[in-house]
Structures are given as structure tokens and as C-alpha cells.
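Asker: One structure, pasted below without further comment.
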Amino acid sequence: MRGRRVAVKSCLPRSGASWVGGGVAVEDQPDVSAVLSAYNQQGDPTLYEEYYSGLKHFIECSLDCHRAELSQLFYPLFVHMYLELVYNQHESEAKSFFERFHGDQECYYQDDLRVLSSLTKKEHMKGNETMLDFRTSKFVLRISRDSYQLLKRHLQEKQNNQIWNIVQEHLYIDIFDGMPRSKQQIDAMVGSLAGEAKREANKAKVFFGLLKEPEFDVPLDDEDEEGENEEGKPKKKKPKKDSGGSKSKKQDPNAPPQNRIPLPELKDSDKLDKVMNMKEAARRVRLGPECLPSICFYTFLNAYQGLTAVDITDDSSMIVGGFADSTVRVWSVTPKKLRSVKTAADLSLIDKESDDVLERIMDEKTASELKILYGHSGPVYGTSFSPDRNYLLSCSEDGTVRLWSLQTFTCLVGYKGHNYPVWDTQFSPYGYYFVSGGHDRVARLWATDHYQPLRIFAGHLADVTCTRFHPNSNYIATGSADRTVRLWDVLNGNCVRIFTGHKGPIHSLAFSPNGRFLATGATDGRVLLWDIGHGLMVGELKGHTDTVYALRFSRDGEILASGSMDNTVRLWDAVKAFEDLETDDFTTATGHINLPENSQDLLLGTYMTKSTPVVHLHFTRRNLLLAAGAYSSQ
């Protein structure tokens, strides 16, 4: 949603948020010539450097409290003034302007500036997506009323119309009442392709609670009866997980209505699996600073095919690798081998009434530790097991998402909707639904029995690089190369949260088991923590020196594990990271809080691999941490 065009008056209303220079709403697929014609306003090209340096001098000489906020103007003004010069064919002035001022911009805009420096002629601008995005999506700046009034007064006194026009036409200034923000607060939140998120974008209600679990008794097996039930009771109720745990019997007040979105009904096999899960949970290790998990690392040796994706089943019985040679390889990580179902002719001979019919339908002759799935025609960038372990998803550079049967190890469906590479895919925690995201900048929601997507989530300004379902399956988080994370409502396809703060493309997402928090990792090596209900950043974990490709919370949410291209797994104290959140801070009209510099206090351990970048992490049902990656000899 873009704001409407509002005339700027000297006396602005005293409400908490005011919008200035909103601009006309532009369709998602703008007419290129119409978009660029906005640069027609002719200013004297020789004065652009003077205008910019004049504003720069004014901001650098203003009081410290205003300088940090007003410095946010440098980058968007620099880009728009440069593009205006190029569009109006003042090529030498544009080159001189770029060379003089590009060094003043923040380091996290270097990649964008590299693209910009290649746009030196009017013709170059027409096919450049980054440029069109910059032009059509207003760059959002969050500035206190005092700083804004200071800027406005300066520009009007100097009659600096060229800059004032750009401010009104291309920027969206989100004004708040209260103290100006510090440089540190601003730096934590900026860096995305389109500036910060408008505060309004994070105000919608989000049902982040968990759905109520169906209740059924858990029969104890002999082993359990001996160990845990000396009184010899035949059954015991489902062991209640602790409050930090993921699922509980009581209805969560923040949970969505149970029937908000249609979810598949539990099959008998699902109930059996839940019983197994509960038994495992009863033996789960309680993790914490004094009790760190053991880490078991699966290294893919001689992976000359190029390992590009990994997933592990929830019960930790199978691991899958997606490879650059377009194959998908599934391994059993237990002594139980992988078997296919018998042929139709053999199945017809089986007694369907026998108790062990599920065992009889499997063909022992096909038993092996590894199955290779052929079908994609490009590198496989994402893989995901279904919760019931009957299906596997894979997505590829070839633009398709494929659904494979783990009963027959064959491809059942190829979903075609993305026209470009698909970077990630993931099954819903309840099965049936899955999400995919790709180079076409959109994420799509699918159901296994529909060959068309059910929802298309559009809004990112660059590739959707990673996708994750919320534990209650009502929301989907997407990370993008536009350096933002968005949360989407599955019910209606609306974007309900926009998180900015990363300085590079986002490559990993993880929801806490209780559904309240989201952790995100990116090429900037930082892990950021977000409170979903309030829509605010609540933590920043620094330590990794390269892209964070894997994030996972332990089963009860006490520990966050992060894995990176820097060949390390790091463990963080999640309880401590989230415990001291002051709700008073949340309610401040400015929409930001002070982030503590406590990465070192929260870091519980760093574990080096010899030379293996970490691409996947998984906590078993008993809280053993599994990590995976391909050994790299460089």
C-alpha cells in the first residue's frame, strides 16, 4: 500500500504518525516510459552538485541529534538526482556527480551503487529492474518531527526546489513525535532496497499462538512401563510439555481460530506418529547454558555434484540432498533401509486383511541406503520432507517444484508457476500445503492436489530467497535479496509484517517453537531476532563472519543454533535473548527500542568444522543437534 499524495503544509497534524509526499499509487507492473517520465522535470544540470553539497553541508553542521536522522536522506537523494541527470541525457554531469559523491554513501549500499554506476545512458534505464523498483517504490525514511521541520525550513529558505521536489515525489517520510533516534538505532533498522518499513505496515493483528493439539491417550509400551510407571497403570495421558515447549492442551489466547484455514484431518498413521513423538518428548534433554546439545555433523564427502540443499525428516530417519547436477538423493540415517512398494501384480497377491499388510507391500529386493531421484533439469536449490514422511518436495533452477513419493521413489507432480529459478520450498507443518519462492520475486502457496497456486504473495523488490511456515501454518515468512523479511497471511494473501535491518540478502529463517519470535540470517553474517506480535526487532546476534545459511531453535525453544559459510555452528541462549523485553518500549510511538549489545553474553558456544560450510541444522525429538554440509577443499 502506498500513501496518497498529500500537500505538505507548514502546520502538520499532531497525530502520532503523519505522511508526507505520499505519491500516486503505481501498479505492480508499471509502464516503463510513464515511470521514467517522472524524471522529466528539468533542473539546471550544472547545479546538481551544488544542491547536493549544500544539503550535505547543512546536515553535517546540524546538531548531533538531528544529523544521524537527516543523513538518511543522502542515499535516496543521491540515486534520484543521478538518475534524473542520466534520464535527461546530461551524461558528463551525471558521471561527475556520481564520482564526487558515491564514496559518501553507507557501505551496505555498495552493491546497489555498482548497478547504478553501469546506468550511464537513458536507454540503459528502460530494462533495469533495480532502477524501476527504486523509482516506483517510495524510499521510506523514519524521521522525528523536529528533524523534519529543520530540513523543511532549510530547503524552503534556500529555495532548493530540485531537492524538495525529489523529497515530495520519491520519498515517503514517516514522521514520529518524540526524541530523534540515535545513529546506532537507525543503523540497526536501515539497509534495505526501499529504506525502512512504514510503521503502519506492522500494525495488523497477527495470531502468532499455536493451534490446540487433538487429545488422545498415549499407551505405554513395556519399556516405558518398567522405567517410568512402577504402579503398572496401563495408560498415561500425553505428557504435558513445559511452557517453553511448542504445543500445549490449553487454547493459546493468541492462536488463530482452529478452523481459520482448512487443515488436513489426522490419519491413523499421523496419530501413531504423534504418540511416538510424545514418548520421545518425555525423554527429551532439557537444554540451557549449563546443558548444551551434542552436535552430530553429516559431512557430504566428495560431493563433486555440488551440494545445494539439505533437509532432514522430523523423526531424523532420512536425510535428503539436492545437488547442482540436478539430482535429488535420499539416504536412510537409521539401520532401516529405504524400500519401494511392490509392483501392482505382486500387490494383488497380498492378503489385505493381515496385520502386517504395511510391511508386506514393501519390496525387500529394492532395499538400499540411498535412492537417487532424477527429473530436474537444473541445480536443485530447495528440498523439504512432508511431516508424514510419505512425500518429498524439491525445487530447481528449471522453474519447477516437484513432488516425489517416498513409497515408490518416483515423481508424482511437477508444479509449474515460476518462470525462473525457484530458490526455496517448504511443506506446512500440517502437510498438504507448501510454499515456494524464486527469482520472479514472488512466493506462491500451493496444495499438493492443485496444480495451480492457491495464493501469490507479491511485494518483494528482488528474489525471494527463503521461505518458512509459521508453526500454526496460518502465516508464511519470506526472506529476499531486497534485504527485507515479510510475513504473509495464508488466509487472504496480505503482507502483515515487513522487517528491515539486514544489510544483505536473507538466506535463513526460523520461527521459535512457541510461534512468538522469528530469527533471520543473511549474507551480512548477522542473526536478527524479531517479536512477531509487536512487529519489532528485539535482538541482534553478531559473531559469524560469513553468510548464515541455517537457523534452528531447539525443540523447547531454549537454544538457537546458527550455521554459516564461515564453517562454524554457533549456539545462542534464546531464553535470555527474549526474557527481558520491556513492553513499555514496544508501545512507544516511535516504533523502535534500544537493542542491547549483548551478543557475547548470549553466545554459548562456537563449533568449527574442518572445512565444511554449514547448510542445514536440525534438532532431533530428543534435542540432539544434527548439522550438515559438503566438505570443501579450498
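Glycine is treated like the rest: Cβ placed from N, Cα and C.
So TrEMBL says this about it:
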- 218-229: compositional bias 'Acidic residues' (COMPBIAS)
- 241-252: compositional bias 'Basic and acidic residues' (COMPBIAS)
- 43-171: domain 'TFIID subunit TAF5 NTD2' (DOMAIN)
- 218-272: region 'Disordered' (REGION)
- 300-341: repeat 'WD' (REPEAT)
- 373-408: repeat 'WD' (REPEAT)
- 415-446: repeat 'WD' (REPEAT)
- 457-498: repeat 'WD' (REPEAT)
- 499-532: repeat 'WD' (REPEAT)
- 541-573: repeat 'WD' (REPEAT)
Asker: Could you tell me the mean pLDDT over the repeat 'WD' (415-446), as a whole number?
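Answerer: Averaging the confidence scores along the repeat 'WD' (415-446) gives 95.
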Asker: Please report, as numbers and ranges, the same-chain residues at least 6 past the borders of the repeat 'WD' (415-446) whose CB is under 8 Å from any CB of it.
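Answerer: 263-264, 378, 381-388, 391, 393-403, 452-458, 460-469, 471-473, 476, 478, 480, 488, 490, 493.
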Asker: How about long-range neighbours of the repeat 'WD' (499-532): same chain, 6 or more residues beyond its ends, C-beta under 8 Å?
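Answerer: 108, 188-192, 195-197, 206, 208-210, 244-246, 254, 462-463, 465-472, 477-481, 483-487, 538-553, 555-557, 560, 562, 564, 566, 572, 574, 577-578, 581, 586.
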Asker: Just give the helix, strand and coil counts over the repeat 'WD' (499-532), going by DSSP.
Answerer: 0 helix, 19 strand, 15 coil
